[in-house]
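Per TrEMBL, the features are as follows:
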- K144: active site, proton donor (ACT_SITE)
- K135, S394: substrate binding site (BINDING)
- T228, N267: NAD(+) binding site (BINDING)
- D181: site 'Important for catalysis' (SITE)
Amino acid sequence: MYRYFGELLTRGAGGVLASGYPAAAADSVLPASASLLRHRGYSQAVDPADDPNFFTMVEGFFDKGAAIVEDKLVEDLKTRETAEQKRSRVRGILRIIKPCNHVLSVSFPIKRDSGEWEVIEGYRAQHSQHRTPCKGDVPFGGAKAGVKINPKKYSVSATLPRRPALLGDPCGPGIDVPAPDMSTGEREMSWIADTFATVMGHNDINAHACVTGKPISQGGIHGRISATGRGVFHGIENFINEASYMSQLGMYPGFQDKTFVIQGFGNVGLHSMRYLHRFGARCVGVGELDGSIWNPKGINPKELEDYKLANGTIVGFPDSTPYEGSILEADCDILIPAASEKQLTKSNAHKIKAKIIAEGANGPTTPEADQIFLERNILVIPDMYLNAGGVTVSYFEWLKNLNHVSYGRLTFKYERDSNYHLLMSVQESLERKFGKHGGSVPVVPTSEFQARIAGASEKDIVHSGLAYTMERSARQIMRTANKYDLGLDLRTAAYVNAIEKVFKVYSEAGLIIT
């Protein structure tokens, strides 16, 4: 039932461009960046039909970043080796970082309502175990999972989600920690946690940390549901308020008077829309599979959410008109593809009118489209940074589960009392100095400070931690872009930044023994 595909090192970083030209002739017809990739043995990994699979896209973006950062990694390597030996070591480590380390495939039976039995397949890919448990870089090794099924065609049955929890050793609080994604949520995560705790973790006090995105009553954390959309907002915020980037786009900093369009009105799209609307941007269009709506005066996110809950669709939303054509090509300042991968390709990249593309979905832009956007001076805020809000707050939930106490519980009352004592001390000091005959000099906090005096709730701490994480990561990407003179190529800057961090762990933690 369990089949390991093993270490996929054959998919290393040693591929070269397929071409009928001799090497020198090929370099002469390729752009400088492509020539650099070829010279260093990295593959561009771009499908001629511009329809690569997601893994191939990531490999191509990795290769582009690796080619740029290689010289710097060689220069910073502190070993007693020749320059050629150092370069060989760097390239070897990059080849080890690039492939997916393990893929686990499971098959399990379910009984449908009709009485028919069906075999369902599931997968878990652990890209890297350089830091465990496997979970997006927070700061762990990356992993992803999926079950090959359309949940809309099956009835709710505990039999279905409980089977993947019986993976045994590959999963656990210190090994691999899944989280919700498309077509899954709190319910499914609760099922997995309960099954793991019952079957595998009955002697492990941390068993419920085996998965994140759970309901609050099952060890979840406040702010997790909206985390990805809130992260999208913070990611856009960090770049839209940066004058140096906005000047290159011919725009003024800030959200005021900015228009945006969202493709996909699921969890990510809804919460992204909600926060952008709250801070002054105007949503003029929303697209879904069954249709798109348009209103240049603005669409209210709460009203649209209520309408969809009542009708099961956004089509026919009052005060809006159906949008003919692709909503991706609508006129706006910010485009947020928050649906599925490969929505922006070379076939429509020239038609995009937005000046900022904020990738709320995973892999919405193909490599060829990405290159077209760079040539057109369009700022693409990459998915690997922008939609990391969910996994960041999942990390906070994992820490909460290991600590067995909610954020703020141990300090909430102490901080509140300390703040009030501070105000009383200030008031008494003023009265002694300026009060007439012991008259009162009241010290009254502002409404904003009053809210903070009350003490930080778990949600406040989560929101603050997420905002700080997104800001810190944005600054790292900006510094990397400036350091390597990448201009608006934030995707390559993000990959370079990630490669540098993972390379440092591999080099210094003894993961490479020679």
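We count from 1, first residue shown onward.
Cβ coordinates are placed from backbone N, Cα and C, and glycine is handled just like the others.
Structure coloured by features recorded in TrEMBL.
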residue	record	Cβ neighbours (10 Å)
K144	active site, proton donor	19
D181	site 'Important for catalysis'	17
T228	NAD(+) binding site	27
N267	NAD(+) binding site	19
S394	substrate binding site	28
For the C-alpha pair, I'd like the distance in angstrom between S394 (substrate binding site) and the residue listed as 'active site, proton donor', rounded off.
14
Should K144 (active site, proton donor) be counted as helix, strand, or coil on the basis of DSSP?
strand
Rounded inter-Cα distance in Å - D181 (site 'Important for catalysis'), K144 (active site, proton donor):
10
